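Q: I am attaching a structure below and will ask some questions about it afterwards.
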Amino acid sequence: MSLTKTERTIIVSMWAKISTQADTIGTETLERLFLSHPQTKTYFPHFDLHPGSAQLRAHGSKVVAAVGDAVKSIDDIGGALSKLSELHAYILRVDPVNFKLLSHCLLVTLAARFPADFTAEAHAAWDKFLSVVSSVLTEKYR
């Protein structure tokens with residue numbers, strides 16, 4: 001699945017706004033994930049998962065930074081996230097379905113934080129982009 005030029009433009013232009021709030025968005029996305037899908041907490045037994053904890057904020061920053069890497073390398077997302085894919089497949093052994101759950105939580109967070117920018121067209125573009133990211137992150141599982 002490849003992104004159209006219009007979709008890429010939407011992703012890159014929204015990223016300029018998102019990146020200014022990256023840490024907050026990452027934290028909020030993870031809080032949403034753990035609240036909506038508590039089974040995902042099993043991958044973080046050593047974390048303080050209370051809302052706003054330092055560990056939650058730090059990991060949220062990493063998650064959004066990885067999305068930023070994908071945006072910056074939108075024409076080579078596979079290359080940008082290859083090491084992250086290997087980490088999650090071979091070392092952390094994260095169930096691939098969790099990437100879709102996380103993507104959904106990020107979409108909800110973006111819609112809540114950027115209601116004027118998150119049009120139906122933007123929603124579709126971000127959904128497709130995050131599907132590509134999820135696919136890249138799970139390709140090492142095969």
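Cβ atoms are placed via backbone N, Cα and C, with glycine included.
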Q: From Ser19, Ser53, pick the one Swiss-Prot annotates as phosphoserine?
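A: Annotated as phosphoserine in Swiss-Prot: Ser53.
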Q: Which of the listed residues, Ser36, Ser82, has Swiss-Prot annotated as phosphoserine?
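A: Going through Ser36, Ser82 one by one, Swiss-Prot annotates Ser82 as phosphoserine.
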Q: Just the number: how many Å between the Cα atoms of Ser82 (phosphoserine) and Ser2 (N-acetylserine)?
A: 17
Q: Far apart in sequence but close in space: which same-chain residues, 6 or more away, have a Cβ under 8 Å from Ser2 (N-acetylserine)?
A: Val132
